[in-house]
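Asks: Below you'll find the structure I mean.
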Amino acid sequence: MRTVSMAALVVIAAALAWTSSAEPAPAPAPGEEACGKVVQDIMPCLHFVKGEEKEPSKECCSGTKKLSEEVKTTEQKREACKCIVRATKGISGIKNELVAEVPKKCDIKTTLPPITADFDCSKIQSTIFRGYY
């Protein structure tokens, strides 16, 4: 059960990571190890995005903000997206409307794409997510 919960959080983290308006020097693309780090950073968001809490916790906000500052390049965004797609297959209970609320409630400047297990990661563009299609 812990694996499913952790995988669900990858959805939030990777989506929030695509917030940069500029392309910094490339860093290693998120792989399996990075997906684990993403999960660790945003684990506190699970209760909020499943509708079990009215507000995201302080830990949820700090973890998602940290992640949004780390994943910047198009390749990093696409790799994180692939991680989300793998992690969300078969997971239920995540409410997309609440995922979209995390940045607003945490005062993180971003626009999020749809968070689904079949999202086409190749649609992710280079800057902010408003241009992901």
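Using the three backbone atoms N, Cα and C, a Cβ is placed for every residue, glycine included.
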Asks: Choose one of Cys61, Cys81, Cys83, Cys121: the cysteine that Swiss-Prot connects to Cys106 by a disulfide bond.
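Replies: As annotated by Swiss-Prot, the paired cysteine is Cys61.
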Asks: Going by Swiss-Prot, tell me which one of Cys35, Cys60 is disulfide-bonded to Cys45.
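Replies: Here Swiss-Prot pairs Cys45 in a disulfide with Cys60.
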Asks: According to Swiss-Prot, Cys81 takes part in a disulfide bond; indicate which of Cys35, Cys121 is its partner.
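Replies: Record-based pairing for Cys81: Cys121.
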Asks: If I restrict to non-local contacts, at least six residues apart, and a C-beta distance under 8 angstroms, what lies near Cys60 (disulfide bond) in its own chain?
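Replies: Non-local contacts for Cys60 (disulfide bond): Ile42, Pro44, Cys45, Phe48, Val102, Cys106.
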Asks: Counting Cβ neighbours within 10 Å across all chains shown, tell me which of the disulfide-bonded residues Cys35, Cys45, Cys106 comes out on top.
Replies: Cys45
Asks: Rounded to the nearest Å, what's the C-alpha distance separating Cys121 (disulfide bond) and Cys83 (disulfide bond)? Just drop the number here, would you?
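Replies: Between the Cα atoms of Cys121 (disulfide bond) and Cys83 (disulfide bond), the distance comes to 10 Å.
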